[in-house]
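Enquirer: Handing you a structure now.
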Amino acid sequence: MGRFIFVSFGLLVVFLSLSGTGADCPSDWSSYDLYCYRVFQEKKNWEDAEKFCRQQHTDSHLVSFDSSEEADFVASKTFPVLNYDLVWIGLGSVWNACKLQWSDGTELKYNAWSAESECITSKSIDNQWFTRSCSQTYPFVCKFQA
């Protein structure tokens, strides 16, 4: 009887230690703070990478960051796989929200912007962000809530 209680208690401890640690993530995904993450080495443009992420799991998207700790966690997963490569993150079309004006204060009436949209990459070693044409291809990281 004592051995049964000991084994039952041990199983309960194991179960409780796994719950809330991302145990709900699929086996090929990594967990951090109730989210699941996966690095994909295949290079895609930003739009195709986002579509691919959405196909992987319900509510999955290109990775977003809520803190530097989360970004560091993602870097710890991307760097061993990709070394110094850039990866797509879920930030895109940031310039659409900017209100630009000339340095002399006059309104922007004429522009010669490239038709290329700009999206954001993150450097896998140090989390520095860079704008790149959304049509370029890079590896990417997907994220969903566990």
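First residue shown is number 1, and so on along the chain.
Note that Cβ sites are derived from N, Cα and C of the backbone, with glycine treated the same way.
Values in this document were obtained by computation on a predicted structure and should not be read as measured data.
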Enquirer: Considering the candidates Cys119, Cys142, which is the cysteine that Swiss-Prot reports in a disulfide bond with Cys134?
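Expert: In Swiss-Prot, Cys134 forms its disulfide bond with Cys119.
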Enquirer: Counting only residues 6+ away in sequence within the same chain, which have a CB under 8 Å from the CB of Cys134 (disulfide bond)?
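Expert: Result: Asn45, Trp46, Glu47, Gly92, Glu116, Ser117, Glu118, Cys119.
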Enquirer: Counting all other Cβ atoms within 10 Å across every protein chain shown, which of the disulfide-bonded residues Cys25, Cys36, Cys142 scores highest?
Expert: Cys142
